[in-house]
Structure formats: C-alpha cells, structure tokens
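Please read the structure below before turning to the comments.
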Amino acid sequence: MASSEELTATGYIQHHLQNLTYGKLPAGYVRHNADGTHTELAANTWTFAHTAQEAKDMGFMAVHVDTLGWGIFLALLLGFIFRSAVKKAHTGKPSGLLSFVEFLVEGINSVVKDIFHHKNRLIAPMGLTIFSWVFMMNLMDLIPVDWLPMLAQVVTGDSHTFFKVVPTTDPNATLGMAFTVFALMIMFSIKEKGALGFVKELTCHPFFAPKKLWYLNILLIPVNTILETVALIAKPISLGLRLFGNMYAGEMIFILIALLFSVGLVMGFVGGVLQWAWAVFHILVITLQAFIFMVLTTVYMAMAHDNHDEH
C-alpha cells in the first residue's frame with residue numbers, strides 16, 4: 001500500500017481509511033512529496049490530495065472521487081440488472097435473475113405496504129431503489145481490502161494513491177442519502193398538509209392546551225417548535241450515522257484482520273480463517289443495514305403523510 005518505509009500498522013490503517021480526494025489548494029501552499037522534497041504552489045491549484053493533511057486542507061469543497069465513482073457505477077450496474085430482468089420478463093422465458101428480482105420486488109413491496117398505508121405510488125419503488133443501492137454499496141465490503149487499492153496504485157503508478165471502495169464507509173455518502181430522504185420527507189409533508197399544516201405540526205405538537213385554555217398554546221409554541229425541530233433534524237443524522245457507523249466498524253475489522261497476513265505464515269492462516277468467518281457474518285450485517293435504511297425511510301415517508309388533525 002504505502003511505501004515500505006511507511007508501512008507500519010498505523011500507516012496501513014490510516015492509508016485504507018483515507019479517500020481519494022480532489023480539491024483546491026491555495027497559492028503558496030507547501031506540498032510534501034513522497035521523496036522528501038517540498039513544492040510550493042504558485043497559484044490556486046485543483047489537484048488530488050497526496051496526504052490526509054492535504055485532503056483536510058482542501059476544505060468543504062473537496063470531492064471524494066472514489067465514493068462518487070463507486071456510487072455512480074453501482075447505481076448504473078443496478079439499473080442494468082433490473083433492465084435485463086425486465087427484458088427477460090417480456091420474453092416469457094424464466095431465469096434465475098428474473099426469479100430473484102421478482103422475489104426482491106415482492107418482498108420490498110410487502111414490507112412497504114405494512115408500513116406505509118397512504119396512496120403514493122412512488123414509495124414502493126423508492127424503497128426498492130434504496131435497499132438495492134445501499135446493499136450493492138455495502139457488498140463492496142466483502143472484496144479483500146487490498147485488491148482494488150493495489151490495482152488503483154498500479155494504474156496510477158503511485159504507491160501513495162488513496163482508494164476506498166465502500167461508499168457507505170464515507171459519512172458524506174450516508175449523510176448525503178439521509179438528507180435527501182429528509183428533503184423528500186419535508187416535500188411530501190408540505191404537499192399533503194400544506195405549508196400552514198406543516199408549520200402547525202411543528203408548533204402545536206407534542207404539547208397543546210384544551211380548547212377552553214386555547215390561549216396557553218401561544219406559550220407552548222416556542223417549546224413545541226424547539227422539540228419538533230430537534231426531533232426532525234435528528235432523523236436524517238441518525239439515519240446516516242447508523243449506516244456509516246456499522247459499515248465503518250465492519251471495514252475496520254477487515255483491515256485489522258488483513259494486518260495478520262504480514263506477521264507470518266501461522267498468523268496469516270489465522271487471518272484467513274478470521275477473514276472468511278467475518279465475511280460470512282458480514283453478509284448478514286450488510287443486508288440488515290440496507291434493510292434498516294429502507295424501512296426507516298419508509299417510516300419517515302409515512303410520518304410525512306400522516307395528518308395529526310385527522311386523529
């Protein structure tokens with residue numbers, strides 16, 4: 001991975017946890033090269049980060065190229081798989097792929113119907129898309145941690161190239177998806193209840209006074225607004241961090257197991273057994289995390305359609 005002089009356990013772990021980052025470094029920035037020399041930039045420069053510090057110094061506008069690349073690639077692959085299944089369905093010839101896709105669609109549709117009791121034809125396809133895409137991104141965690149990063153280093157010719165292959169171990173990806181769900185939740189809530197109904201939901205719940213003491217509701221508005229706003233914002237944050245935390249922990253365990261291969265033949269054998277065992281268990285984790293993300297998204301969509309005034 002990193003050069004031989006930097007290949008310590010700490011360096012190995014840090015290298016695997018760093019994304020391939022593209023961003024802008026300011027004029028006058030001093031870059032530390034792999035050969036020990038330094039280069040001062042004469043102008044603002046858009047470039048790939050060579051170190052974790054450079055990635056940090058690029059700031060908020062930096063892009064994690066590996067996360068975006070794998071996310072888009074897996075989305076396109078998923079679209080190709082579903083398109084192939086649809087074509088086979090039109091020919092009337094049964095196949096393993098078609099049977100699997102039908103099983104997946106029926107299963108997700110059943111789960112969504114149990115949670116979402118309103119009329120919106122977009123929710124079931126949304127649930128299917130979210131589950132499938134998150135599962136595909138999680139599935140990348142089963143690829144041995146060194147294979148694709150080493151391939152990236154061979155292609156670039158740079159032994160210091162960073163390359164993470166599991167998009168869901170990047171909080172930018174998981175929180176990005178979560179806040180997209182949050183935006184849809186707000187949109188559907190306003191669409192179903194109106195802007196006034198949405199504001200009323202934020203200001204008149206969970207505490208409200210009886211009709212005889214209606215004037216007390218004015219005093220409760222600040223309390224309700226604070227509580228509901230915190231609860232609302234907590235939904236996407238917890239949704240994104242839950243997925244990130246579980247996948248990050250799983251990836252870290254794979255990296256720690258991979259370190260055993262550098263200790264010796266016996267520990268390498270132990271590492272192989274542990275890696276196989278953890279991979280088998282991790283299949284459950286990646287599936288469960290995709291399912292939880294989909295279920296919570298559906299729950300939030302149902303909450304957006306619920307009207308408290310009807311109860």
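Using the three backbone atoms N, Cα and C, a Cβ is placed for every residue, glycine included.
In Swiss-Prot this protein carries:
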TRANSMEM  62-82  transmembrane segment
TRANSMEM  123-143  transmembrane segment
TRANSMEM  170-190  transmembrane segment
TRANSMEM  213-233  transmembrane segment
TRANSMEM  253-273  transmembrane segment
TRANSMEM  276-296  transmembrane segment
Given the transmembrane segment (62-82), which of the listed stretches 123-143, 170-190, 213-233, 276-296 has the most Cβ pairs that are under 8 Å apart from it?
123-143
Hey, which bits of the same chain come close to the transmembrane segment (123-143), Cβ under 8 Å, at least six residues off its ends?
70-71, 74-75, 77-78, 82, 104-105, 108-109, 111-113, 116, 165-169, 173, 177, 181, 184, 243, 247, 250-251, 254, 279, 282-283, 285-287, 289-291, 293-294, 297-298, 301
Checking distant contacts: for the transmembrane segment (276-296), what same-chain residues at least six beyond its ends satisfy Cβ-Cβ under 8 A?
108, 111, 115, 127, 130-132, 134-135, 138-139, 141-142, 168, 177, 239, 242-243, 246-247, 250, 253-254, 257
